[in-house]
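*Asks:* Quick one: structure below, then a few questions.
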Amino acid sequence: MECVSVEGLDSSFLEGQTFGDILCLPWTIIKGIRERKNRNKMKIILKNVSLLAKSGEMVLVLGRPGAGCTSFLKSAAGETSQFAGGVTTGHISYDGIPQKEMMQHYKPDVIYNGEQDVHFPHLTVKQTLDFAISCKMPAKRVNNVTKEEYITANREFYAKIFGLTHTFDTKVGNDFISGVSGGERKRVSIAEALAAKGSIYCWDNATRGLDSSTALEFARAIRTMTNLLGTTALVTVYQASENIYETFDKVTVLYAGRQIFCGKTTEAKDYFENMGYLCPPRQSTAEYLTAITDPNGLHEIKPGFEYQVPHTADEFEKYWLDSPEYARLKGEIQKYKHEVNTEWTKKTYNESMAQEKSKGTRKKSYYTVSYWEQIRLCTIRGFLRIYGDKSYTVINTCAAIAQAFITGSLFYQAPSSTLGAFSRSGVLFFSLLYYSLMGLANISFEHRPILQKHKVYSLYHPSAEALASTISSFPFRMIGLTFFIIILYFLAGLHRSAGAFFTMYLLLTMCSEAITSLFQMVSSLCDTLSQANSIAGVVMLSIAMYSTYMIQLPSMHPWFKWISYILPIRYAFESMLNAEFHGRHMDCGGTLVPSGPGFENILPENQVCAFVGSRPGQSWVLGDDYLRAQYQYEYKNTWRNFGIMWCFLIGYIVLRAVFTEYKSPVKSGGDALVVKKGTKNAIQRSWSSKNDEENLNASIATQDMKEIASSNDDSTSADFEGLESTGVFIWKNVSFTIPHSSGQRKLLDSVSGYCVPGTLTALIGESGAGKTTLLNTLAQRNVGTITGDMLVDGLPMDASFKRRTGYVQQQDLHVAELTVKESLQFSARMRRPQSIPDAEKMEYVEKIISILEMQEFSEALVGEIGYGLNVEQRKKLSIGVELVGKPDLLLFLDEPTSGLDSQSAWAVVKMLKRLALAGQSILCTIHQPSATLFEQFDRLLLLGKGGQTIYFGEIGKNSSSVIKYFEKNGARKCQQNENPAEYILEAIGAGATASVQQNWPDIWQKSHEYANINEKINDMIKDLSSTTLHKTATRASKYATSYSYQFHHVLKRSSLTFWRNLNYIMAKMMLLMISGLFIGFTFFHVGVNAIGLQNSLFACFMAIVISAPATNQIQERATVAKELYEVRESKSNMFHWSLLLITHYLNELPYHLLFSTIFFVSSYFPLGVFTEASRSSVFYLNYAILFQLYYIGLALMILYMSPNLQSANVIVGFILSFLLSFCGAVQPASLMPGFWTFMWKLSPYTYFLQNLVGLLMHDKPVRCSKKELSLFNPPVGQTCGEFTKPFFEFGTGYIANPDATADCAYCQYKVGDEYLARINASFSYLWRNFGFI
């Protein structure tokens, strides 16, 4: 890299959007135009960065968050596509090959490993590693080993290096699905990246979540690989120990995107000390180098250099560019450029890739295995993923079986006469509609980051995964579909022939797969789930309306008729109808006109079958005539349609694969701080004045920091007064066991200890030792077999324990739409007793904001990573949320320094120390404590493998007590400048490859220290229990506040999340607005003929069907709040779970009422029906108010009874299909089996539909079109009116030509109420139905 600079669009400071921006759209547009120039403002991401990393070298990249370390690695790896408006200048080459050419032809050799651990959670560790190894399996292997031997050898190699052998059969998991520990998941990520076999690795904070010993082993493993294989490694490490630092050859230091040093690791410290900065005692070199870039960092300045050393990023950069070290670097780069043989490098790469590529791989492809092998491997992985998540498949299959029984029995043995024709069409349409609804459940975005990572690793084409997912999921979908069609087909009494059955089976399968692929194609085009659900909702409407069941081809308007031809369901429905009705003779039954009293002996030529497709004088209707007249269908098109569906299926699959392959990730301009609406200008002015002051007084600030650093660290600030704990927490012989495939697995083994007020206890151990498990067990957050005693002041814990303790989780989970201050205020109000005045709570919140130094971003929205708070700010918020609850018993913290740089980690631990000195009791797990961090703790609990205690006791001054314990029990002597934490972990054999002879858990059990601790615990229990027996149960309430108080504040929080989630609100608005227009203009001017009555029915039916995609939207949004509550808020007993559901419901209502009003206007009036207020207002009341009240509640009820969102989508499809089946639209109640008529009465959709249709049809005169009239001849000498007069005394309809003596034209309906009666509805039921609803 030579003089590389990167610029991107400056989105670092944004103002959050709200729904108010839409309500005030004109002003929003004007404001947007005014700020257009600022939106295009560029910011420096990297400036003038140079580096020479030779083969076999390791380069450490240091800098604070926001310094540009990640951007530096991405630039080096060629992963700059996510830089919005990014402009890269300078020169980047790889042994002489320019970066552009490298990315085109040799990309697999450059690997970027991101900080986040994204994996398929339901795959095991073994399956995850095997897949990565298989994708990079060379065609020519050493000693001609088999593929299986190659995979096994490599898997065991990586597992041994990173200590993953014992986790092979454990799921990888994620934040919401249990699996391996966070540290083990990071090791899986590292092993997977190494399996990608790059020659240049860019590791972004790869040691995050690893304990010190494993982090060191990682560094040494990379060191070994660079030495043996000649690879190059660029690594960012936020908390690097001295041992880790010494494994690197070179180091570069970044400060606000500027490079301030690049050279050998042995020279960096001298460079900055010569500059004037001194390294404090026992501070590692990496900490020292990072601290220099922090104005508030822990560093000292040589006497006399206070006003000479650089302070700002620009000053540091200028010093570096003028230094002899920089000149030497430039010289080395120029020399290497002249020495490198580019052509030889290309030849080597080409030869290597040629030997590795398997047969069938394209010559220009940079993937190792062929495209077909990629599909095979991804398909196998797909089967394993589905098998690992059995609940979805089980729910899907059970739903299909249940739906088949219900629908089949609903249409049980449909009449073979004309009376059953509509039912037979309905059951076929419904089967297609059900699997269309199921297709909505396949819209998912959770795996997109994994595909992007694997694309970076060059494991496989993203399109290969798209094709493989289709293949792997097909058999599992077929299980449910097969049961569905068998049960439905025979219960409904469809055409009993093998040919017809298998034709139906084939057509339903083909259509189901095509529609599923269509929805997956839609999702591959979209950036967000809300966006995909909105588009899918409109597609769903198209599928339902233009299948030709609801509105037939002759009735379609030309502006939308084309839609019918581009959807597979239209062709499937035609072919299924042909298979069912071809050659069928349908007896007219009760549809002969005239008939009844007085017409018993009438001749056949004087009657007609009042049914579509009838012929004069014929008492039956041929199925082919019916299809031709009603739908314009021809039997000869049956297998033509099958071919067309094949084309649709292949087309959708191919398009999805193409979109997946070339879809770019969402671009960004780096971390963006998003502030609350209306606060941007004030905050910008504050920041501007602050920055100016810092620049003018930088040297004074640095000198102040020197004085602070040298002051007494144990001084207690008055800010922390009132934070003291009031109880002693004791745990004795705590064990935790979970079920395992091999029996019971013990994760904790007789762990004992205690926390007293005023102490800071460290919980340390290697990754997977059980640190988080112990923390969760003590905090009452684990589910399993727990034995032992956990006592508060010597007594068993009561219901108030959870709310009296604070728990800072490793994952920083917060409500994205709230500001930092609002998040803290909500926690304070929910966690502290209601008796405390609100003003006092808010004052305390301000105090915590000041303590944690969050004033600068207190009005910023939490947002998401990259578009909201950064990692450090999120961690501070996580701690603050617990502190404002003022836990009076204990504060648990799980890895509070994970993901932070050394300076941020130092600030967090120092703050914890001050809390402890103020009287707080703290138990904290920590992975990579430096010497300076470790010595801030008072007491240590050390866990070994299997959750066994190795040490519990005082750490001592300069860690003397704990060091003395290990040295006297056989460990080597600890060096004076050695990190005690690393020494301890090394002594006990922590790490993947380490081993020791001593049995440290056994040594502890037999030690004098263990006896003393046990005795002390017993004495404490005895003394405390005797002094606390007089306490009352006033604290034992589960919640700190009343239900009504919780309701008020949870409702307020929920309303803010809706108001500020513009993407969700806009998606909802677009769905209802576009759907309204779509329905309105599909059934535009329904007319007064008979088909207009049917169209009116289906227009109302489709208005109800809108609830399906709208329900998916509601559930997708509610899932975010539900998961946050389950993972964090419920564990602290903040508020009752029911309030989450109730407040979400109440906040959905106003938006649905507004948007359903838009839907009403855009759909009702285009129909050309009654516009007087007496009808339209009641229609509005029924649909835009009552119906919205109903299905919002239904959506939330289903979600809260489901294990996850995907399962909820399946259940929604099942329940809505159930409700729509029995509402009377596709099967009139008169044709339902007697058993199911209760369900017709029980379904709320029945009454909604009856009201909507009744308002449209009551007193509406009907005038049949010419083709709707049925013709017959009266007896000789009689007119049509005279002949049919007795019939109309009890029959419906009218004669269009009563004075004619031949060709009597009969219309089936005279007024809309007659059609209502046929579907068992009546306008008179209107207010009765309102009561039922």
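Backbone N, Cα and C atoms are what each Cβ position is placed from, and that goes for glycine too.
Note that the structure is predicted; figures quoted are calculated from it, not measured.
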*Asks:* Of ASN350, ASN442, which one does Swiss-Prot label N-linked glycosylation site?
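*Replies:* That would be ASN350, per the N-linked glycosylation site annotation in Swiss-Prot.
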*Asks:* Between the stretches 499-519, 534-554, 642-662, 1150-1170, which one has more Cβ pairs under 8 Å with the transmembrane segment (1092-1112) than any other?
*Replies:* 534-554
*Asks:* Check the Cα-Cα distances from ASN350 (N-linked glycosylation site) to the binding-site residues GLY765, GLU766, ALA769, THR772 and tell me which is shortest.
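*Replies:* Smallest Cα separation from ASN350 (N-linked glycosylation site) among GLY765, GLU766, ALA769, THR772: GLU766.
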*Asks:* Between GLY770 (ATP binding site) and ASN1320 (N-linked glycosylation site), find the distance joining the two CA atoms and give it rounded to the nearest Å.
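*Replies:* GLY770 (ATP binding site) to ASN1320 (N-linked glycosylation site), Cα-Cα distance: 65 Å.
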*Asks:* Whole-number answer please: how many Å between the C-alpha atoms of ASN205 (N-linked glycosylation site) and LYS771 (ATP binding site)?
*Replies:* 21
*Asks:* Counting only residues 6 or more past its boundaries, what in the same chain has a CB within less than 8 Å of a CB in the transmembrane segment (1235-1255)?
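*Replies:* Distant Cβ neighbours of the transmembrane segment (1235-1255) are 409-410, 1096-1097, 1100-1101, 1103-1104, 1170, 1175, 1178-1179, 1182-1183, 1186-1187, 1190, 1218-1220, 1222-1225, 1229, 1316, 1319-1323, 1325-1326, 1329-1330, 1332-1333.
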*Asks:* Tell me which residues of the chain lie with their Cβ under 8 angstroms from that of ASN733 (N-linked glycosylation site), as long as they are six or more apart in sequence?
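*Replies:* Long-range Cβ contacts: SER750, VAL751, SER752, THR787, GLY788, ASP789.
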*Asks:* By Cβ distance under 8 Å, which residues at least 6 away from the ends of the transmembrane segment (642-662) in the same chain are close to it?
*Replies:* 451, 461-463, 465-467, 470, 506-507, 510-511, 513-514, 517-518, 520-521, 524-525, 567-568, 571-572, 575
*Asks:* With the transmembrane segment (499-519) as the reference, which stretch in 392-412, 425-445, 534-554, 1150-1170 has the largest tally of C-beta pairs below 8 Å?
*Replies:* 425-445
*Asks:* What parts of the chain pack near the transmembrane segment (1210-1230), using Cβ distances under 8 Å and only residues at least 6 beyond its ends?
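*Replies:* Same-chain contacts beyond the flanks: 392, 395-396, 399, 402-403, 406-407, 410-411, 422-423, 426-427, 429-430, 433-434, 437-438, 440-441, 1097-1098, 1101, 1104-1105, 1107-1108, 1111-1112, 1115, 1194-1195, 1198, 1201-1202, 1236-1237, 1239-1240, 1242-1246, 1248-1250, 1318-1321.
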*Asks:* Cβ within 8 Å of the ATP site's Cβ centroid: which residues qualify beyond GLY765, GLU766, SER767, GLY768, ALA769, GLY770, LYS771, THR772?
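*Replies:* These residues sit around the ATP site: SER181, GLY183, ASP211, THR773, LEU943, GLY947.
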*Asks:* Please report, as numbers and ranges, the same-chain residues at least 6 past the borders of the transmembrane segment (1150-1170) whose CB is under 8 Å from any CB of it.
*Replies:* 19, 1058, 1065, 1068-1069, 1072-1073, 1075-1077, 1079-1081, 1083-1087, 1096, 1099, 1103, 1106, 1110, 1176, 1179-1180, 1183-1185, 1187-1188, 1192, 1255-1256, 1260
*Asks:* Using the alpha carbons only, what distance in Å do you get between SER767 (ATP binding site) and ASN1320 (N-linked glycosylation site) once rounded?
*Replies:* 67
*Asks:* What does DSSP assign ASN733 (N-linked glycosylation site), in three states?
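*Replies:* DSSP call for ASN733 (N-linked glycosylation site): strand.
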